[in-house]
């Protein structure tokens, strides 16, 4: 146990550190109007390491003790800031009772060590009691509760007053010390203590559960989860589906006493700092050199932009030969359009959705898996193993109360949700994703919990046709999917295995030559095939930096095509709705982004129309679009485009 002198020295050095490095935050807290609130004071662990390495080491090795001292130091630093404001700024702040130091460990040595930043599945007893970090996705968010925090007690013998803190391990129970903790010249031997009236501090309290990110796990590895406790200012800062990095102290929680059931200790992380990483996804690993590389690539293809575009598209699922239309559709779906708010205040989604309908062996699942690799956040599921609750949210009972656990669409918020074998889902399960696809949210009313969760998700589905595909019938008949669901997909591509001997010969030659091509390929040559990491960063970059605007010419082309489709005697009622017009705009914007532009040109509008035409079983402007399965890359696409215009 520390002596009073050591404690005062630590608090003094902590106070000095806070006043020196964080005067602006202290000033903001002082000017805040509510004295009853709990205020966070964010500090950087890397700064603490540079300024006072020994103190940083002590905070790491015994965070429970030293973080309490840091909170006391924050109150002292706040009082110094109040005095400074009164003296030099002639402003009177309001004294606050509750300030909590929140240590951001990102960018510090703790982030680079597997001992202090393990995956959730590798958390062990050795991590107990140190400051550590965990990364995961919030899958469950409990209700905000209140608990009694520290409480003052008085020794009957020497009248010494001291605080007792509740033990979260034993369900917030208060355990009195065996003897008086007064540290005077002569030790007190008192063992009886009385609570002091009106000295209880109450805190907000919330339990969440975070799960390992499935994308970093190997095949067949079950993602592990851990309980995280949020207190005071941290409560209600995250919701189900958020990606978070949590810094805190690992401890354990006793299970409830049940007859004939063995008591277990459940690992639990008491959070000190929570950082949402959803917004940071698009900024990862895009260096200035890489941006310059992208610009040089498009400078090289200034006169032949479509050839440059095709070089990018060849990098999508390179093991599958041809299928140009599908690869273009995958790229446009992942890039997406620009979300905007119309005159009535309604949000019009920017995310596109894609459905692949095809015979077995046409590469549908390959595209799904590759798209999941390209996306910064992806959830893959199959229709047979998915229920409405598994796709949206599940109401689960934990400790006598209900809470919501996130499903696939909520976990994929801000990313991609791939649903293979779409036709295997039951009809009422498919109906639950209607709202998620169009309104980008899920409204829930389960077990007395009524809420709305965000699902800004790209839905990528793959399905087999119902029996033999009949070109004379509508998509609804061939796939057994309802019209409202089909209209929500921007692109619906049909891949039919027509057993064409010429095509089979070309494909077999490609597969046999694949090994030799792979050996001869240069890694840095972007003019042939782009590697997966480069594609990921390119898609992230264009989504973040380009917000294309429609030119007058593009508007006229899209509007004329939409009117032509509506007038066509052969149009599909399920597809030719206002949603088709919105899909055309999104796809044209996505193509402009793919072409590294901020304006939607005539070429982008025509490409969007050709994608929609490929989705139509009966075309309104072209006699036959051909089979998407047999669409190959053109050697001279720019010359073909000029001929097409004339």
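Cβ atoms here come from the backbone N, Cα and C positions, even for glycine.
Remember, predicted model here, so these are calculated numbers, not experimental data.
Within 10 Å of the C-beta of residue 362 (ATP binding site) there are 23 other C-beta atoms, taking all protein chains into account. The feature ATP binding site is assigned by Swiss-Prot to 358, 359, 360, 361, 362, 363, 364, 365.
Positions annotated as domain 'MCM' by Swiss-Prot: 308-511.
According to Swiss-Prot, the feature motif 'Arginine finger' maps to 487-490. Here the motif 'Arginine finger' (487-490) has long-range neighbours at 333, 352-355, 434, 437-438, 459, 461, 574-575, 577, 579-580, 583, 586-587, meaning same-chain residues at least 6 beyond its ends whose C-beta is under 8 angstroms from one of its own.
Per Swiss-Prot, zinc finger is recorded for 155-188.
Counting Cβ atoms from all protein chains shown, residue 358 (ATP binding site) has 22 others lying within 10 Å of its own Cβ. Computed over the zinc finger (155-188), the whole-number mean pLDDT of the model equals 74. In the three-state DSSP scheme, residue 365 (ATP binding site) is classed as helix.
Summarising the environment of residue 361 (ATP binding site), the number of other Cβ atoms within 10 Å of its Cβ, over all protein chains shown, is 9.
Counting other Cβ atoms within 10 Å of each Cβ, the lowest count among the binding-site residues 360, 363 belongs to 360.
Each residue of the motif 'Arginine finger' (487-490) gets a DSSP state, and the totals for helix, strand and coil are 2 helix, 0 strand, 2 coil. DSSP assigns residue 358 (ATP binding site) to a strand segment in the three-state reduction.
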